[in-house]
Amino acid sequence: MVFTSPAWCSQLASTIPETKLVGDFVLEGNGTESGDKPLLVCAETGKSYNIGVLENRVDLLARSLMRVFGWSPNEGAPEDKVVGICSFNAMDFVPLSWAIHRVGGICLVLHPTSSAAELQSLMRQASCKALFTCRDLLPTCRAVLEALKLESSRLFLLELPADEQTTQAQPVSVSQLIADGESLPPVDKVALQDGESKHRVAYLCPTSGTSGYQKLAQITHKNITSNILQAVTLDGFATRTAPEVALGILPLSHAYGLVAFSTLLYRRDTVILHARFDMPAALRSIQQYRIQRLYVVPAIVAALVNNPILFKLADLSSVQSLIVGSAPLSKELVGALKRVRPEWDLLAGYGLTEAAVFVSCTSKHSIFPGSVGSLLPHVEARLVGDDGAEIQDYDVAGELFLRSPSIMKGYLVDDATDSGAFDADGWLITGDVASFRKGPDGEEHLFIVDRKKDIMKVKGIQVAPAEIETRLLSHPAVDEAAVFGINDAEAGERPFAFVVRSKMVNVDLDEKALRQSIHSHIQETLSEPFWLRDNIKFVESIPKGHSGKALKFKLKELI
């Protein structure tokens, strides 16, 4: 059975371009006139860019990159023009990536929390020729370039607010490149043949690496332009007249943040950009800029629910909707937030780097708590059971297979390894277990169960760690949680949880009492195979990949 998007959003708002770079597509926009209105605002300094400034900075950066690297937009293979960006969120992060595209190159996005070994490995995989980074990461990145035998002149500074105030000697900065571009000739337009945007890679994006190995997903220009159009169509904003103000806290070094940012600019929304996530600073931004839309992850929602004092730090009355991605948003968490903020629309979604990035999202047209919404237009989905047979019914879980114009070109690896990402008919094998259910209004909704490799069998019963994690996060004394299966002589497997205690709730409880409280909390709603008993370990932090997902293979080493 092939599942598709609802009938009311089956057609895209406009045709997917076949010969356009993603940056040019976003800068042209959806037809909404923005004039001098700020589209990008630095939360720390108030510095802003309107559409004209953005276009000018991309143009001048491209001129300088062409001179510095000696590249011509229409000569040489894009694979030989890979430039990396390893930085926290900077005003020029995305404009820089678009300038790289304009000289015929590919942008490798690298997370700023990556180790030197990780950076070295990914840059070597990509044959990266140069790297832009922020001041805090200069020592690490200098060592990486030296290990890769790249000249120090191939390291550049992408300024953050603090960087712009320093007088210390630094590598050539983006600001200097833009200034130099004023006196340089224009860059020829990249000449894409009809249909070439489907194959030309725009970004190399590391996957989440929750199993310990990061692959580089090849995301093409058409992948992203498709996903932008898919998102605005389902979201119902394709024909709206009033742009919104959005909170920009997602890391631009991750596909979720990168595509969400591009979508907002395409719609001519204003993005209030934070270099790093800081809850009090984010809340102050909401009050100062009257922010209406928040792009967040479930951990942020859980923090708000479990720490009501946060609602008193700022006036949040402007907020209208939360787009929640990266992990499923449980029905319990939705209910808890609705009790304190009933006027907020919680729009849960599902995506993955390999789909660049959104696959489904909840629309205001059809809300089904606990689901990750409806499939985006032009997305097709199948569910395959453990026996390899295709599932034909609702409410039956199976591995999720996808087809969409936003699906990546493939991994940057040998064909033999890459072939495991797709089946014989070209469907992406996600590795996620999911089901479809019909909501009260009769619309199909997608539910994510867990990663296939993470599901354990307790006394022959399938137990999804995500279900236990969801319940744990609803305990007021739990800030973070990660669950996986361990061997058990009697049951085959049993769940084991790593828990980060709240620093604000039940701080006086000793570990034994808190462990019992958590166990009772689990017992209230989950059956015996899901119980943790004494399988709880308290830790200061949970190691995470660059997508924010727990690195469970590292936790298993701590038992």
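Placed from the backbone N, Cα and C atoms, the Cβ positions cover glycine too.
Taking the Cβ of N30 (N-linked glycosylation site) as centre and 10 Å as the limit, one finds 20 other Cβ atoms among all the protein chains shown. Annotation comment: Swiss-Prot describes N30 (among others) as N-linked glycosylation site, evidence class sequence analysis.
The ATP binding site feature in Swiss-Prot is assigned to 207-215, 348-353, D432, R451, K549; the stated evidence is similarity to another entry. The Cβ of A348 (ATP binding site) has 29 neighbouring Cβ atoms from other residues within 10 Å, across all protein chains displayed.
Every protein chain shown contributes to the tally, and the Cβ of N223 (N-linked glycosylation site) ends up with 29 other Cβ atoms within 10 Å. In the three-state DSSP assignment, the secondary structure recorded for N223 (N-linked glycosylation site) is helix. According to Swiss-Prot, the N-linked glycosylation site annotation covers N223 (among others).
Annotated region 'SBD1' per Swiss-Prot: 278-348, in sequence order, evidence recorded as similarity to another entry.
For 349-411, the entry in Swiss-Prot reads region 'SBD2', with the evidence type similarity to another entry.
Around the Cβ of D432 (ATP binding site), the number of neighbouring Cβ atoms within 10 Å comes to 21. Local packing around the Cβ, expressed as the count of other Cβ atoms within 10 angstroms, is greatest for G351 among the binding-site residues T207, G351. On the backbone, the CA of A348 (ATP binding site) and the CA of N223 (N-linked glycosylation site) stand 22 Å apart. Spatially, by CA atoms, the recorded positions T207, N223, G351, D432 include one closest to N30 (N-linked glycosylation site), and that is N223.
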